[in-house]
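Asks: Quick one: structure below, then a few questions.
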């Protein structure tokens, strides 16, 4: 007996030591990654200092204040040099207020100096000639990591630029920094154990949103004029809403961002987006709710210019699977009256009063401008949220997603979801019965596809819903739809408590419709007073949590969402531009 006890004690001690050593190794890798980032930042600051010594009279504030269209014009005519513009933005990024207060950067791209030399050799100046562009962490750049905030992605450098980066460079853009993301990208907070929490530059108590939160924080803080994000459930639109930016989620197949590597299967769940094999691109090729990549900027014209630049022959040649549809300037520039469907609630997750106010005020402004407004009610959002959207990502009960955390520390922002996925199936069922309909995420986690036949049926259900939605749209003869977006910015720590609050954005990922966000107002004292009376759907704990999440937001941006049918990005942008113009004129 004593021998058995000694053996057991020795085994326990060995396990404890093994776990301790494993944790120390993880900490060492994280520290190394952070040290590499910090060294890059020091190099950036030194390069800026050398530039300042050479050219001390640069009018920094003037350059930083220029809208993208005006900046491109100055660069093309030669009144500003690409080097001056690049180092002006590098100086802003390396300044204390952008980096240390928001923690939005994942890495400086030193090769931007090489690209600066390269564009001066081009025979023709591209549409983005000399424009510094920031890119989201997982968009591949040669010689750099695509971490997704995960330990297992720290050891592999990209061997070549992704298609998107190649096209940006061909158009004269200069990718200069990569921005922070939430761990695994599956969060609309922006935090990971390696590089930490990103904060909102408009209010450090608030989140910038996610998963393109680093992009949003950098642009809103003035450190970038144009950024590239990605959107799987609102990851461009939510940060744009939280930080007062314009952001576009195109039809997923309209742009390509992955490397042209052979297709690799992903068990029908498609969690390869947050996996080292993310470059396979199966999310874009086969996933029923595909990931889209798109631009983020301070105004709609910047988004349109970026789309025009990307939708070029270079993109179509590098990836023949991208439909060769150039940007339609005629549609974007049109001034014809629009027939606009609208709604201020989706009937699933009631949004704060200020977000509904934004839709109502925008609707009235559109009507006054001569557009025709038609009430529109999106069908069956609870069904879409639980049975179509969330079930897509937890089709296997979350097992594939849990695999990406192997040998990693789970970020606090993801622990609720990770823990629910780890629960035994019977416990999940009991919780779902007890808590339904209050906690739809639990319902989604247990609604797994238990066979290939069930998985194909799930794909079919999504297609059926899309067809029904388009039929309803066509019956009303709509051009576009005006609707709310989640906001204003949540206090940090709250997105993890309200996963299902993203129904306003996830709907258009499920449908694969182009959708964009435009800031139209700010939170007022009257909004804050009305929030005190907010009861949501049932005045339940989740409604009260939302009230806590958005309180204390006076002065923060309030946005609306603009939607068009698939492949009509130009019409979506044209509508966004109309909304933007009317909001500025009021």
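A Cβ is built for glycine as well, from the same backbone N, Cα and C atoms used for every other residue.
Pulled the feature table from TrEMBL, pasting it below:
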ACT_SITE  136  active site, charge relay system
ACT_SITE  211  active site, charge relay system
ACT_SITE  235  active site, acyl-ester intermediate
DOMAIN    97-573  domain 'Amidase'
Asks: Calculate the distance in Å between the alpha carbons (Cα) of residue 211 (active site, charge relay system) and residue 235 (active site, acyl-ester intermediate), and round it to a whole number.
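Replies: For residue 211 (active site, charge relay system) versus residue 235 (active site, acyl-ester intermediate), the Cα atoms are 5 Å apart.
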Asks: Same-chain residues six or more away whose CB lies under 8 A from the CB of residue 235 (active site, acyl-ester intermediate)?
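Replies: Sequence-distant Cβ neighbours: 185, 188, 210, 211, 212, 229.
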Asks: Of 136, 211, which of the active-site residues has the most Cβ neighbours inside 10 Å?
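Replies: The most densely surrounded of these active-site residues is 211.
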